[in-house]
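Peer 1: Pulled the feature table from Swiss-Prot, pasting it below:
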BINDING   K11, F59, R87, T93, R104, N114  ATP binding site
ACT_SITE  H117  active site, pros-phosphohistidine intermediate
Amino acid sequence: MALERTFSIVKPDAVERNLIGEIYNRIEKAGLRIIAAKMVHLTEEQASGFYAEHEGKEFFQPLKEFMTSGPIMVQVLEGENAIARYRELMGKTNPEEAAAGTLRADYALSMRHNSVHGSDSPESAAREIEFFFPESEICPR
């Protein structure tokens, strides 16, 4: 097993409903460590930069509007096979298809308002972590 890092977002719908602590608890119970975290309210420019790979897709503008609608929590998670483990904890993007007991099955309101984001590959994890966190803000433990 490989020790790796992944990137996670607690999205505006979950922050608004005061689910940060519950989600963090579930992350830690899954054996992942939170090694960096902060609350931010994305600007449109930041959202455009973060989601640049989706520019031109039909959901790009609604996604940006949602992700700038309120504060989010961004965090770096570390653990054995962190990317796969966190994606399993999140569940499928569509909460109706997410397995019982996953974050999206338990907390998501819809496909768009699905409470959490997690990196899907080591490459995206590295890019997403770097977007929000300089190495000096990451505290391995």
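From the backbone N, Cα and C atoms, a Cβ is placed for every residue, glycine too.
Each of these features: where is it, how hidden is it, and who are its neighbours?
Peer 2: In the three-state DSSP assignment, the secondary structure recorded for K11 (ATP binding site) is coil. Non-local contacts of K11 (ATP binding site) by the CB criterion (under 8 A, 6+ apart in sequence, same chain) comprise F66, M67, I72, H113, N114, S115, V116, H117.
In the three-state DSSP assignment, the secondary structure recorded for H117 (active site, pros-phosphohistidine intermediate) is strand.
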Peer 1: Over all shown protein chains, what is the count of other CB atoms within 10 A of the CB belonging to R104 (ATP binding site)?
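Peer 2: Result for R104 (ATP binding site): 22 other Cβ atoms within 10 Å.
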Peer 1: I want to verify one value. Collapsing DSSP to three states, which class is F59 (ATP binding site)?
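Peer 2: Coil, per DSSP.
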